[in-house]
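What Swiss-Prot says about this protein:
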| type | residues | note |
| --- | --- | --- |
| BINDING | 30-37, 149-152, Leu178, 186-189 | ATP binding site |
| ACT_SITE | His37 | active site, proton donor |
| BINDING | Gln61, Gln155 | (R)-pantoate binding site |
| BINDING | Gln61 | beta-alanine binding site |
Amino acid sequence: MQVFREKQLLIQAIQKVKSDGKSIGLVPTMGALHEGHLSLVTNALKDSDQVIVSIFVNPTQFDNPEDLEKYPRNLNKDIELLEKETSDIWVFSPTANELYGDKILSQNFDFEGLESVMEGEFRAGHFNGVGTVVKHLFEVITPDKAFFGEKDFQQLQIIRKLIEKTGLPVEIVGCPILREDSGLARSSRNERLSFQNRKEAAFIYEVLQNANRLFGTESAEHTTNWVENQFKNNQHLKLEYFEIADSETLKKVNKKEKGKQYRAFIAAYSDGIRLIDNIALNN
């Protein structure tokens, strides 16, 4: 498996692949890889001649320095996990200065309001940081396709908007959420949960499934109130937000409209660890 730390060496290798008429698939990650990431890699391998996995803990998307410091990092373990899939993958793991240059700054984007709701409401500047690093990665790697998980659905829509705004020739592929047997969405943060916390956190997906059923016959307001009450009665999890939104615009739904696609989004804390999830709603 080839591991690139310098972007110039990677660019040269990519030019060789592209000159042979082969396609590049990118799976951008912040490391701490798990089965969810591997499912993205599997999708990329089916759809691309050469797959590149970027492993980079991006400082510009953290609004909380403590969160950045605590984010799990183990490059050797990540590489071992990828090698079990295939040794044909390339890994790009630069330092912040290698990727950004001397000034590690976040760029401001106009995401037309997609960035100001839900996650954006609670994490100031987060999506500008995401947009900045993804734009840098796309410019260095020039992928034909990039693969993102639907667990971060808001991020997925923002990346699609980034492509629309910048005109970068990258096809964005959304991949289904991978879940643990309990239903808990796979996440790097799950590593920080105790065995008991992990069991208790399965409640999040259970509530989402019930909200989906309820939304089939009830209003968005009624469904939201029901979810909030479920968390008021739960001693182990603290709800940060639950929102039903239009799948495309991410605008909060007040009244259901026929033919529209909706999604429920949730963020909750388990013993101080923030977990997010979402589900497509039947209308």
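Cβ coordinates come from backbone N, Cα and C, glycine included.
What Swiss-Prot annotates, mapped onto the structure for a quick look.
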residue: Met30; record: ATP binding site; Cβ contacts under 8 Å, 6 or more apart: Ile55, Phe56, Val57, Asn58, Tyr71, Ser188
residue: Leu33; record: ATP binding site; Cβ contacts under 8 Å, 6 or more apart: Ile55, Lys77, Asp78, Leu81, Leu82, Ser188
residue: Gly36; record: ATP binding site; Cβ contacts under 8 Å, 6 or more apart: Gly149, Lys151, Ile177, Leu178, Ala185, Arg186, Ser187
residue: His37; record: active site, proton donor; Cβ contacts under 8 Å, 6 or more apart: Val27, Thr29, Val53, Gly149
residue: Gln61; record: (R)-pantoate binding site; Cβ contacts under 8 Å, 6 or more apart: Ser106, Gly125, His126, Phe127, Gly129, Val130, Thr132, Val133
residue: Glu150; record: ATP binding site; Cβ contacts under 8 Å, 6 or more apart: Leu156, Gly174, Cys175, Pro176, Ile177, Asn278
residue: Gln155; record: (R)-pantoate binding site; Cβ contacts under 8 Å, 6 or more apart: Glu119, Phe127, Val130, Phe148
Per DSSP, Leu33 (ATP binding site) is which: helix, strand or coil?
-> coil
Please work out the number of neighbouring Cβ atoms within 10 Å of the Cβ of Leu178 (ATP binding site), leaving out its own Cβ.
-> 18
Leu178 (ATP binding site), DSSP three-state class -> coil
